Amino acid sequence: MSGFLIANALLFLIVTAYAVYLFVYLVKTRLAYIKLGQKEQFDQRFKERLHAIWVNVFGQKKLLKDKKSGIIHVMFFYGFILVQFGAIDFIIKGLAPGRNLSLGPVYPAFTFFQEIVTFLILIAVGWAFYRRYIEKLVRLKRGFKAGLVLIFIGGLMLTVLLGNGMNLIWHEHGLSWSEPIASGIAFMLSGVGKTGAAVIFYIAWWIHLLFLLSFLVYVPQSKHAHLIAGPANVFFNRMESAGKLEKIDFTDETKESYGAGKIEDFRQSQLLDLYACVECGRCTNMCPATGTGKMLSPMDLILRLRDHLTEKGAAVTSRSPWVPAAAFRHTRGNQLAAASAGSGSQEAAAALDYNPSLIGDVITEEEIWACTTCRNCEDQCPVMNEHVDKIIDLRRYLVLTEGKMDSDAQRAMTSIERQGNPWGLNRKERENWRDEAPDAEIPTVKEMKKEGKEFEYLFWVGSMGSYDNRSQKIAISFAKLLNHAGVSFAILGNKEKNSGDTPRRLGNEFLFQELAEKNISEFEKNDVKKIVTIDPHAYNLFKNEYPDFGFEGEVYHHTEVLAELVKNGKLRPQHPLHETITFHDSCYLGRYNEVYDPPREILKAIPGVQLVEMERSRETGMCCGAGGGLMWMEEETGNRINVARTEQALAVNPSVISSGCPYCLTMLGDGTKAKEAEDQVKTYDVVELLAQSVLGADLKMGEKQ
């Protein structure tokens with residue numbers, strides 16, 4: 001037996017060492033691929049980053065947003081960590097028969113706990129198999145590769161239970177309460193005898209070891225690389241406000257292009273995202289573009305970028321992405337690596353001719369322009385991948401480097417550049433909306449200065465509030481409520497320009513920066529300390545992105561100011577409305593800035609209002625379809641996003657659909673018309689409803705919206 005044990009131990013060391021070598025090689029290879037990206041500075045905010053690890057890795061916070069899948073993953077995650085101690089115990093039993101993990105009197109409790117955890121993991125494997133292959137959850141991939149990890153995990157659990165059962169027979173330990181499942185197996189197979197039990201034990205032991213080491217090697221070259229890249233991605237995730245876009249330095253004369261025209265143009269942290277992807281499909285499941293039949297799928301976008309990085313990385317670094325190399329010699333990645341190293345077959349040399357373009361071959365322009373930048377994908381991602389900034393970088397390349405843009409979007413850009421608004425209307429008519437409210441005091445900054453008066457808030461009206469007839473009513477209602485509450489404010493009037501959100505989200509960073517600098521100059525010239533706006537897109541820009549260009553000041557959304565005025569009694573809702581209202585969360589107010597409660601607090605304060613929530617609300621609220629500059633583009637593929645969102649609102653039988661965004665309100669109003677429901681269901685901004693309750697203002701509930 002001693003000779004066998006020596007041979008067994010030597011073989012164990014050789015196989016384990018080879019597996020560890022392959023694992024390290026694969027991790028270093030992926031790291032080399034990631035390093036092809038653009039370097040970036042690390043802010044060293046370790047405390048916050050460790051907190052993110054605690055919450056999202058160990059706390060599984062994002063995974064538990066989907067309770068069913070989340071619970072399965074929690075069982076896998078903690079179960080797999082815990083059973084590693086059992087695996088060590090099992091390996092010791094094979095290397096030194098009769099020995100085990102030295103835990104003294106607590107060993108029986110340890111083995112009992114291990115068996116319970118092992119059993120729960122087997123249940124989780126069965127549940128996961130059911131969800132993927134029988135229930136056929138749409139967002140989950142099927143096929144052999146998708147189920148291979150279930151085979152690995154299930155095999156590991158079954159072999160350790162079988163091996164422990166045989167160990168009881170082999171060493172005549174007898175049945176034990178501390179190993180109930182192994183004891184059951186031992187009881188059923190008691191007829192095999194000691195020798196037979198020893199043989200079966202080592203068969204199970206080696207299968208277990210090979211499963212374990214194969215899984216170790218499989219992880220870095222599969223979607224399960226997220227076990228390594230996921231926690232790293234959470235740790236290195238940007239600590240800035242959600243969805244904040246990187247500033248382009250146009251003064252850098254070394255730059256030959258802007259945006260991402262090739263995979264190496266992405267930042268290293270963006271490339272880390274690609275290997276962190278779990279392929280869970282949660283992003284795609286929530287994407288408004290995917291849900292309405294567009295080509296864009298956030299998960300597929302990440303996976304195609306990942307595969308492209310792997311192949312490009314193999315060609316550049318000469319490091320084969322797949323091991324054992326002999327088994328994967330026919331894959332493009334290994335052929336590219338071999339050809340790059342000057343070795344390999346004719347097929348490997350021919351592989352060098354494969355040079356797909358990032359935009360066109362890997363990701364299509366149609367996909368790039370389908371994104372509404374709503375960030376529902378990012379909010380759902382358990383490893384904190386950022387999809388939107390990659391799409392914006394691709395847009396930046398198309399717009400700034402190649403001069404490509406959708407014709408409708410280009411018209412809006414030209415109009416903004418020439419007249420400061422997307423319609424190309426006269427910039428000198430920007431403040432004319434005040435004429436629609438002769439009973440309200442809506443002074444310009446210039447007028448306030450002329451009278452020697454000061455103002456607390458700069459009311460940023462925005463292009464919609466200034467020029468769009470429907471949105472002007474929102475601006476007027478807000479101004480009247482500020483007058484009623486005694487809040488001093490002023491507008492820039494004709495000095496106001498477009499905030500720059502549309503150009504920036506469409507990829508025209510140059511125009512955005514030009515607008516931002518001019519707006520900030522106007523703020524500074526007029527000593528602006530506080531800004532309030534009815535436009536969530538401008539709100540997000542001023543609050544989170546203008547500071548990169550030198551702006552310092554407080555920024556508020558109008559619902560935040562109104563909620564506070566209601567709370568402190570300066571605005572008293574008194575006229576009942578008797579309406580059933582559902583509230584639509586603007587993406588740039590909600591997911592980007594986590595402003596969910598103020599608009600709801602306002603609606604709840606209005607007498608007679610019954611607030612009902614849509615199935616998708618707050619963090620999971622669906623986009624109206626206007627974000628990302630798509631307000632100015634036609635949807636030519638699939639169903640209209642605004643109609644899909646309107647259908648979700650109509651499903652809860654409201655009499656009013658409310659929002660806190662003029663863009664959303666326009667899209668939802670068009671949606672009710674498309675569903676021929678505009679006579680039964682009206683669309684109003686929160687401020688209009690509050691104005692009716694506080695001032696008794698007649699909103700003409702039956703008028704055409």
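Cβ coordinates come from backbone N, Cα and C, glycine included.
Since the structure is predicted, the reported quantities are computational estimates derived from the model, not experimental observations.
Summarising the annotation, Swiss-Prot assigns [4Fe-4S] cluster 1 binding site to CYS277, CYS280, CYS283, CYS381 and lists sequence analysis as the type of evidence. What Swiss-Prot lists as [4Fe-4S] cluster 2 binding site is CYS287, CYS371, CYS374, CYS377. Annotated domain '4Fe-4S ferredoxin-type 1' per Swiss-Prot: 268-298, in sequence order. The annotation domain '4Fe-4S ferredoxin-type 2' is assigned in Swiss-Prot to 360-391 on the grounds of sequence analysis. For 4-24, 71-91, 109-129, 146-166, 173-193, 199-219, the entry in Swiss-Prot reads transmembrane segment, with the evidence type sequence analysis.
Sequence features annotated in Swiss-Prot and their locations in the structure.
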residue : record                          : contacts (Cβ under 8 Å, 6+ apart)
CYS277  : [4Fe-4S] cluster 1 binding site : LYS223, HIS226, MET299, ILE302, LEU303, ARG306, VAL383, ASN385
CYS283  : [4Fe-4S] cluster 1 binding site : PRO298, MET299, ILE302, ASN376, CYS377, GLU378, GLN380, CYS381, ASN385, HIS387
CYS287  : [4Fe-4S] cluster 2 binding site : LEU296, SER297, PRO298, ASN376, CYS377
CYS371  : [4Fe-4S] cluster 2 binding site : ALA289, LEU296, HIS387, VAL388, ILE391, GLY628
CYS374  : [4Fe-4S] cluster 2 binding site : PRO288, CYS587, ARG591, MET622, CYS623, GLY627, GLY628
Under the DSSP assignment, what numbers of helix, strand and coil residues are found in the domain '4Fe-4S ferredoxin-type 2' (360-391)?
15 helix, 1 strand, 16 coil
What other residues of the same chain, not counting CYS277, CYS280, CYS283, CYS381, have a CB atom within 8 A of the CB centroid of the [4Fe-4S] cluster 1 site?
VAL278, GLU279, GLY281, ARG282, THR284, PRO298, MET299, ILE302, CYS377, GLN380, PRO382, VAL383, ASN385
Among the binding-site residues listed here, CYS280, CYS377, CYS381, whose Cβ has the fewest other Cβ atoms inside 10 Å?
CYS280
Leading stretch by Cβ pairs under 8 Å, where the reference is the transmembrane segment (4-24) and the options are 71-91, 109-129, 146-166, 173-193, 199-219:
199-219
For the transmembrane segment (146-166), which stretch among 71-91, 109-129, 173-193, 199-219 has the most Cβ pairs under 8 A?
199-219
Under 8 Å between C-beta atoms and at least six residues away from its ends: which parts of the chain pack against the transmembrane segment (109-129)?
72, 75-76, 79-80, 82-83, 85-86, 89, 101, 103, 147, 150, 153-154, 157-158, 160-161, 164, 176-182
Cβ contacts under 8 Å made by the domain '4Fe-4S ferredoxin-type 2' (360-391) with residues that lie 6+ beyond its boundaries:
52, 56, 60, 62-63, 65, 73, 226, 229-230, 233-234, 237-238, 242-243, 245-246, 260, 263, 266, 270, 273, 276-278, 280, 282-289, 294-296, 298, 301-302, 304-305, 308, 398, 404, 406, 409, 505, 587, 591-592, 619-620, 622-623, 625-628, 630, 633, 637, 641
Please state whether DSSP places CYS277 ([4Fe-4S] cluster 1 binding site) in a helix, a strand or coil.
coil
Around the [4Fe-4S] cluster 2 site (CYS287, CYS371, CYS374, CYS377), what further same-chain residues have their C-beta within 8 angstroms of the site's C-beta centre?
CYS283, MET286, PRO288, ALA289, THR290, LEU296, PRO298, THR372, THR373, ARG375, ASN376, HIS387, VAL388, CYS623
By Cβ distance under 8 Å, which residues at least 6 away from the ends of the transmembrane segment (71-91) in the same chain are close to it?
12, 60, 63-64, 100-101, 110-111, 113-114, 117-118, 120-121, 123-124, 127-128, 131, 153, 156-157, 160, 163-164, 205, 208-209, 212, 382
